[in-house]
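K.L.:
So Swiss-Prot has the following annotated:
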type: TOPO_DOM; residues: 1-15; note: topological domain 'Mitochondrial matrix'
type: TOPO_DOM; residues: 35-40; note: topological domain 'Mitochondrial intermembrane'
type: TOPO_DOM; residues: 67-72; note: topological domain 'Mitochondrial matrix'
type: TOPO_DOM; residues: 106-128; note: topological domain 'Mitochondrial intermembrane'
type: TOPO_DOM; residues: 184-190; note: topological domain 'Mitochondrial intermembrane'
type: TOPO_DOM; residues: 224-232; note: topological domain 'Mitochondrial matrix'
type: TOPO_DOM; residues: 257-261; note: topological domain 'Mitochondrial intermembrane'
type: TRANSMEM; residues: 16-34; note: transmembrane segment
type: TRANSMEM; residues: 41-66; note: transmembrane segment
type: TRANSMEM; residues: 73-105; note: transmembrane segment
type: TRANSMEM; residues: 129-152; note: transmembrane segment
type: TRANSMEM; residues: 156-183; note: transmembrane segment
type: TRANSMEM; residues: 191-223; note: transmembrane segment
type: TRANSMEM; residues: 233-256; note: transmembrane segment
């Protein structure tokens, strides 16, 4: 690329939006094929192409921001607005699940026995694994903030340790959630209660896995000296996302586990 003599965000020609779109097509059609014909081939192809696209697209962005110096203050401002809009869209995504839950629980139909939880459903105890999960995610929110402050103060070792701890807490949360799903006394097929419970908590769990991956990428970059005390928006975006995941869990815990039980 020719030397950039201005501060603004000019995107180079890239094949990754096209390969990402093809991967999305393969994933969605592959999911339908898996459900109806029990074949995983198309789904596996879509997943592989999506992973390769993500790795190479992120590699290009890291090169532009870290080695080529293209992430100037106006570009960083645009990236910040982009991340804020993305998180706003995620808020509305989860709003749909809360709407479905409250629509079903505040006025239970005769088919549900006129009560909530519906007749025949044994809800999970909110003061057992769900409470531990809440403590784990809140602790991870503290450690990710510790990472940010350490980065801003130039304390590299502390930042690396705190970020590692955050990722471990995220993985612990995922393991606890998997155990809870395995031992749950109801399934996704158990009416509207099972559906809203597993879809809402399942999508949140997926977001925890995505956030943990995002933070793991930041840990690798931190080890490779990509971040400075004043230039670390990649980590900031991951931290914002992680705090969003924390807040969604608090609403899920209070609504579905505690009030809904």
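All residue numbers here begin at 1 and follow the chain in the order shown.
Cβ atoms here come from the backbone N, Cα and C positions, even for glycine.
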K.L.:
Determine whether the transmembrane segment (129-152) and the transmembrane segment (16-34) share at least three Cβ pairs under 8 Å, counting only pairs 6 or more apart in sequence.
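P.N.:
Not in contact, no.
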K.L.:
What same-chain residues lie close to the topological domain 'Mitochondrial matrix' (224-232): Cβ under 8 Å, and 6 or more beyond its ends?
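P.N.:
Distant Cβ neighbours of the topological domain 'Mitochondrial matrix' (224-232) are 62, 66, 71, 151-154, 159, 218.
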